Structures are given as structure tokens and as C-alpha cells.
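Chemist: Could you have a look at this structure, given as C-alpha cells, before my questions?
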Amino acid sequence: MVKVLFVCLGNICRSPMAEAMFRHEVKREGLEKKIQVDSAGTGDWHVGQPPHHGTLKILEKYSISAEGLKARQIQERDLDEFDYIIAMDSDNKRNIEMLKTAYPKAKIEVLLDFVPDVQVKNVPDPYYTGNFQEVFDLVEQGCKNLLDHIKTTDLIGKEGHAK
Ligand code: 4NP
């Protein structure tokens, strides 16, 4: 089982959108028994809350289920539990790295580092910009490339056989 955690600041806009979209893609490819998905925020202001209405609206527009999304704050133990911790921007990544345990299991990466040809490196925060479509488009590219990466790196052995 490969475990993936998406992280933003509040866990109500970007990372729950990524969680829902990635889960959707994983399901579409029939990989739900091999890849587990979750999201969290570095901040605690919105713990227990559902996603922002802008995130819910755009997920609905693309018929992506928002079922079960509820904000939580990242914990130190997440770094020992997850294989990939995917930050929405470099500030989030820095804050996650401050929680680093002695021998963390997780690879901590920025989502758009999986998209080499994109202009921006950080997913803009729609809590401030209000532009959920821009975020959706960027997160979609990131999620697709991340899934390809996991499929080739973690799910397929050296001889090309499924792990
Ligand atoms: P997110 O957006 O990190 O994409 O969930 C934010 C949500 C809430 C706040 C900041 C960013 N806030 O300051 O409450």
C-alpha cells in the first residue's frame, strides 16, 4: 500500500481538492487497494470543518466526489506513516519539514515539482485569490503526473511486473 498525504495551510481549499481529485483518478485506474489518500493542513483553524464552498463547487462541476472530506491538522506521526507528503506550496513544505522525525518514512515534495513545464511552482491559495478554476487546473496536472510517478516508481517492479 502506497500512502499519499496532500498538505496545504488550512486543509479547506487546495489539499482537500487534491485529495478528492487524486482519489478519483486512483479509482478510475482501479488502484484503490494499492494507493491510500488523505489530506491535512499545517494550521489548525479549520479542524473538523468541511471544504470551502469554492472547492466543493468546482469538485461538483467535474463530478468528483467530496465525500468524507473533513479538515485536520498534520501530526508528527504522519511523517512516519505516509510514503508521500505532497505540499501545495514551498511554505507548506518548510513547515512540514520542521515536524521531521529522526527517520521519517515520507518523501516530502511540492506538487508542482511533478509538472516540469508549468510556469508557477506553488499552487496559489484560492482562499485569498478566489480563483478555484486556476487551482483545479494546476492540481489536476500535478495529480496526474504524481500518479504516473507512483505507478512507475512504487507499483511496478524493475522487470516491469506489478509489485
Ligand atoms: P488552503 O487555504 O490552505 O488552501 O486550505 C486557506 C484556508 C484558510 C486559511 C488560509 C488558507 N486561513 O487563514 O484561515
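Glycine is treated like the rest: Cβ placed from N, Cα and C.
Under the heading active site, nucleophile, TrEMBL lists Cys8. Residues annotated as active site in TrEMBL: Arg14. According to TrEMBL, the active site, proton donor annotation covers Asp125. Among the features that TrEMBL reports, domain 'Phosphotyrosine protein phosphatase I' is placed at 2-149.
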Chemist: If you average per-residue pLDDT over the domain 'Phosphotyrosine protein phosphatase I' (2-149), what number do you get?
Modeler: 97
Chemist: Quick one: among the active-site residues Cys8, Asp125, which has the most Cβ atoms sitting within 10 Å of its own Cβ?
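Modeler: Neighbour-count leader: Cys8.
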Chemist: Applying a 10 Å Cβ distance cut-off over all chains shown, what neighbour count does the residue listed as 'active site' have?
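Modeler: Other Cβ atoms found within 10 Å: 34.
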Chemist: In terms of DSSP three-state secondary structure, what is the assignment for Arg14 (active site)?
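Modeler: Assignment for Arg14 (active site) reads helix.
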Chemist: Roughly how many Å separate the Cα of Arg14 (active site) from that of the residue listed as 'active site, nucleophile', to the nearest whole number?
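Modeler: So the alpha carbons of Arg14 (active site) and the residue listed as 'active site, nucleophile' sit roughly 6 Å from each other.
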Chemist: Please spell out the DSSP helix, strand and coil residue counts for the domain 'Phosphotyrosine protein phosphatase I' (2-149).
Modeler: 62 helix, 23 strand, 63 coil
Chemist: At the level of the C-alpha atoms, what whole-angstrom distance separates the residue listed as 'active site, nucleophile' and the residue listed as 'active site, proton donor'?
Modeler: 9
